[in-house]
């Protein structure tokens, strides 16, 4: 091909393309703020989950006839940055609402901005109870099964055993404290004779596991409730196993069954712990299995808990905008209140009373299979069954 | 009794890795006077490299071989860093190199993520040492005993190297007087490189030996940083036996803290450090700092003059542009400009302390965060209006600075810096733990400006007036007799006192003033963001300001402001890229290497060379 002809072809093709694309609709943009670098192990599977859902939605014709598009921005794990980026996304990029955050403090910072500036914010991953209760507001919705709900699920399991003396170990910050308080409250309500004989509070990501294990052993508990995660969990499990802390005791682990935390333990994953998590390997059929298959086909990787949260985030956003019939903030906000949708794990409702979704969690027992930690005998628990009574919620949520 | 002994052994075992990492830092500081912020990164690298090597090398021989090899590999990485990044800037102002090491942290973070991926790696167990031994009925892991046994050997080997070999003599001589060693014909640069190799190798060893007790993750670098600084300072900067003693002290105390005061472990270390420094200002086994005591290192600073008419005109024009642009630009520009202004005031306040006072604070976030919390607490608990809160924020932070300054100013140099860091950490843990009042790490939210100032534009103008006012006030103080007295105290405390200047009092007032201005910036920050979290008191916040001041130019009056503006804007742009930490780190390193006098200093030099500036107009 002569050079001129070649150029002409290229230009022609480009023109044809633009001409072809011109009538296509402007995408609906969603601002997604996360700690993609600071918490890469959690944020990346989440992003992949979002992308998968977005691709599926757009293949099926998009939302309101327009394609959906997420704009991803890294907040460096700083609340102040997150607020700045949120403003930029909403005023410059033309996003219609905000999603994201894993760290609770960043979720709370964006939530406060959302209420002030009337932006819709779907807090997809942050777990803090305060987000929907003490510091809840009209413009913030939360998808993930909250600390309280997951702790209540484990408390229900704990109440079924004859253990009386409990010890707790939780990272020394708001999530850890909320998780212990919720577990205590629910367990004592179900079984008043339970006593808590030791509370250990290792600093987040700086656990001195040997010392913590000794301190727990000293209290001679019947059962231990663990809230540590990530690197802290790995160190705790290793020291605890080495020193025989877990022998003959019941162990309850919040989030410990999520692949994000179980997989790094490899063959040293503890056996017989009752945990909340995401047993993607155990799905045989139905929507869950379809999700896992689609995810593996798209990313050549297996889904983590963050993946399903990301997937459901995009589904929720699409459902809300579809229901609103417009991309106006107020319309989306109203659509989110009481929004019902089907997700791979089951139907989810965004409660009118506190904007918490009823997405549940899987509760099961840890075991080893082929040198990998897995959850067995698991069961999906609907989040709606593990929330405080409406009166309690109303009391916690600030008056309008 | 059995439990007591078992706990003691746990503490001793924990001290092992801590000692290795801390002794490396101490060694590097002792000889090169570099405060190596990137030391935690070498520790992290040690864990990752050790993990990889252990996967390849089989058996017990492979395990221990991998640990030794890790030391060599990480040491070599250290050598590369030293030659490429630090060697060009040894003659820069004191402590300037820490900026370069900060750039290294960012680069290593992204490289580690690229190479080893985001998932935490669980360290392999030591072959043959997987079980426990029962001592008086209490289980003690065998590997703990191995660590307890190995650490003294490492310490002894180091001691032998330093005390009994010719290399050691040179190292000790360099610790005492670098220039004299150079004058005696020793090739300093290779000595420095050698020490850097050794220091980094120790950090790498520390990272590798802790693998069987933990693993490798991407947050390790910052997580260990505070502990090793504490250990080095408690032991005495440059003292190896001190580092060992302090590592044992900190680790053992921590084990008992976990058992008897489980909530205390966040602060315990810093309380111990503050106490030790108040009683023994140079650490348990440290000696009074001699190097850099009289005057400044590097080229002396040029005298400060009030800006000439032309410069004033330029600045006024710049301000006018700054005031008009947000009117025409989209509203997010006003938000970005607000952020930059607040940061500039924060940086200028540290620059005042650091550049004019010669007081290097590693804990300036205490006053930024302090002011922010004063304002936020007043609003949250007393319903104070914004106007009053913005007045009380600098006052509260200034008061805080007076208290902290009164304690810290008894020390000088790096010890002063470390004590300020300790106080900032104490404040941080207070904000973090005292949930009922401060909201803990869930912070204080919904603190927004009143109706008249909710618009981004109005709030920008409010910030503009207050920040420029604050910066001008600091500048005025620099030109006032007070500023002269402060610089006199910096350049020669002895001569200043001989002329009747009460140097301690002058420094104390400067510390309070800088604290108050940082507090004002913090107060504005709260209302700009609507919330405050303990992040604003973190070490990283103090580092941000430090880096900006050094990048801008310590020995120039406008260094803080210019550095703040450039750095914030650069960060805003770079964080849009996927590997922004790598980009930012390389940018910082490039500035450090190309313009060791900082941005303003470098521009000034360039201006003089091409004839744009006459030497008489240097200070802008």
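Each residue's number is its place along the chain shown, starting with 1.
Positions of Cβ are set from backbone N, Cα and C atoms, glycine also.
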- Item | Range annotated as transmembrane segment - as stated in TrEMBL, picked from B:260-279, B:280-299 | B:260-279
- Message: If you look at how TrEMBL annotates this chain, which of B:143-162, B:163-182, B:363-382 comes out as transmembrane segment?
- Response: B:143-162
- What residues in the same chain, six or more past the boundaries of the transmembrane segment (B:25-49), come closer than 8 Å to it by Cβ-Cβ distance? 70-71, 73-74, 77-78, 81, 86, 90, 94-95, 97-98, 101-102, 104-105, 108-109, 112, 115-116, 121, 123, 158, 171, 174-175, 178, 191-192, 195-196, 198-200, 202-208, 210-211, 214-216, 218, 220-225, 228-229, 232, 235, 237-240, 242-243, 291-292, 414, 417, 543
- Item | Closest-packing stretch to the transmembrane segment (B:335-354), where packing means Cβ pairs under 8 Å, from B:143-162, B:190-211, B:508-527, B:547-567 | B:547-567
- Note on the structure: Comparing B:218-240, B:452-474, B:508-527, B:547-567 for Cβ pairs under 8 Å with the transmembrane segment (B:414-432), the winner is B:218-240
- Item | Cβ contacts under 8 Å made by the transmembrane segment (B:508-527) with residues that lie 6+ beyond its boundaries | 338, 342-343, 345-346, 348-350, 352-353, 356-357, 359, 364, 366-376, 379, 386, 389-390, 392-402, 404-406, 408-409, 447-449, 453, 459, 462-463, 466-467, 470, 473-474, 477, 482, 486, 536
- Item | Non-local residues, at least 6 beyond the ends, that sit with Cβ under 8 Å of the transmembrane segment (B:547-567) | 93, 95-96, 98-99, 102, 299, 301-302, 304, 340, 343-344, 346-352, 354-355, 471, 475, 478, 588, 591-592, 597-602, 604, 619-620
- Query: Which residues of the same chain, at least 6 past either end of the transmembrane segment (B:143-162), have a Cβ under 8 Å from a Cβ in it?
  - Reply: 9-10, 12-13, 15-17, 19-20, 23, 27, 125-126, 129-130, 133, 168, 171-172, 198, 202, 205, 209, 212-213, 240-241, 244
